[in-house]
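Chemist: This is the structure, below, for whatever I ask next.
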Amino acid sequence: MSQGKIVQIIGAVVDVEFPRDMIPRVYDALKLDENGLTLEVQQLLGDGVVRTIAMGSSDGLKRGMTVSNTGAPITVPVGKGTLGRIVDVLGTPVDEAGPIDTDKSRAIHQAAPKFDELSSTTELLETGIKVIDLLCPFAKGGKVGLFGGAGVGKTVNMMELINNIAKAHSGLSVFAGVGERTREGNDFYHEMKDSNVLDKVAMVYGQMNEPPGNRLRVALTGLTMAEYFRDEKDENGKGRDVLFFVDNIYRYTLAGTEVSALLGRMPSAVGYQPTLAEEMGRLQERITSTQTGSITSIQAVYVPADDLTDPSPATTFAHLDATVVLSRDIASLGIYPAVDPLDSTSRQLDPMVLGQEHYDVARGVQSTLQKYKELRDIIAILGMDELSDEDKLTVMRARKIQRFLSQPFHVAEVFTGSPGKYVALRDTIAGFKAILNGEYDHLPEQAFYMVGSIEEAVEKAKTLN
């Protein structure tokens, strides 16, 4: 095992000099002899000097300190022993519940599955959230992004999806908290514990307070655990269907941006690292379904300043099967989940996959809402009275649809006081189809606000009269 000495420290970036004949490879993990801090090699600068990123705080480091090469990338524990536990980027438990009971470990840097190993699926994953199931349905083994600016409900939506899918899902889940609030990580842990599904979830946290090196790699640690569960074969030679939640993928990009300039790279558009697309691709190409097992991933994506054309969310879009866009305009109307029904898309929105009825209802809802959007300027200037009877009817139905797309969440019960609702897909389709066909034109629009199925709207209308 070769040893080197620290020659330069700039924030999270540390340069280490090794003997010329014992230079470590890129991505090798180095360990500081004095305090056990892990460094990951990023570049070979020549003359025996390597540039590394610290996985923890670089406070207190001095030039001349001894560093040992472990000869391998960062490896983390995997397997059943990680379930119900919280680990950090290095796989070290941080929940004060003793060491992790597993003898298996894996390097966090793995090659993506080969093209002939991949498998595609068109089986739908019911979420119980009306707007998602109707307009941007998820596929089992697919990739979903929840896009939104600050405070429009990405984490709450993700928690509700975890509540509806992970609890009903008999398989295993991995949750990677990348650069988010520690409080949310804590809430998630207790939510899982109270629901008695903690023994099916592995949690990997690298929260906001961690140095950039830690946040840059914590998503890979979580993914490595999920990949192991996917690839581990049972007696029939089949892998598992794993759920992989990431909150938030933007912080992964941001951590790369923070260290990019320190690594000596020229910044690209908006100050992002020039390797943005490659870094994102390396992570996303591993989150995939193979012929052995599947990973269904749900990723929250922060949108800086609500600008979807920002390079970070724009790069993420290319990798996803379904995009759920959360809108501040819809949130300001008090409609939650604040999903934009016209911006959100899914590859599954196809009559060959969904069936003709679901497809027709979804497109009918979107065209009604689009027509309403076009008429809003006229209404603002001239008022409703200037519209034709047909347009008045369209506006009335669109406003009912808009309100019916809202839904009380289980995870928000403590804030709203309304019990959460899970709506089956067939009830969702039947409800919207009836509104489009004019069966509920006689009901007031507030009857459709924050209810589950259409029957609840009818009951609510009785109390309003």
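Using N, Cα and C of the backbone, Cβ positions are placed for all residues, glycine too.
Not my notes, these are from Swiss-Prot:
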type: BINDING; residues: GLY148, GLY149, ALA150, GLY151, VAL152, GLY153, LYS154, THR155; note: ATP binding site
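Can you walk me through where each of these features ends up in the structure?
Modeler: A simple way to gauge crowding: the CB of GLY153 (ATP binding site) has 21 other CB atoms within 10 angstroms, across all the protein chains here. In the three-state DSSP scheme, GLY153 (ATP binding site) is classed as coil.
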Chemist: By a 10 A CB contact count over all chains shown, which of the binding-site residues listed here is most packed: ALA150, VAL152?
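Modeler: Its Cβ has the most other Cβ atoms within 10 Å: VAL152.
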Chemist: What are the sequence-distant neighbours of LYS154 (ATP binding site), meaning same chain, six or more residues apart, C-beta distance under 8 angstroms?
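Modeler: Those within reach of LYS154 (ATP binding site), by Cβ under 8 Å and sequence separation of 6 or more, are LEU146, PHE147, GLY148, ASP247, ASN248, ALA300, VAL301, TYR302, LEU326.
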Chemist: Provide the three-state secondary structure of GLY148 (ATP binding site) computed with DSSP.
Modeler: strand
Chemist: Determine the most Cβ-crowded residue among the binding-site residues GLY148, GLY151, using a 10 Å radius around each Cβ and all protein chains in the structure.
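Modeler: For the binding-site residues GLY148, GLY151, the Cβ with the most other Cβ atoms within 10 Å is GLY148.
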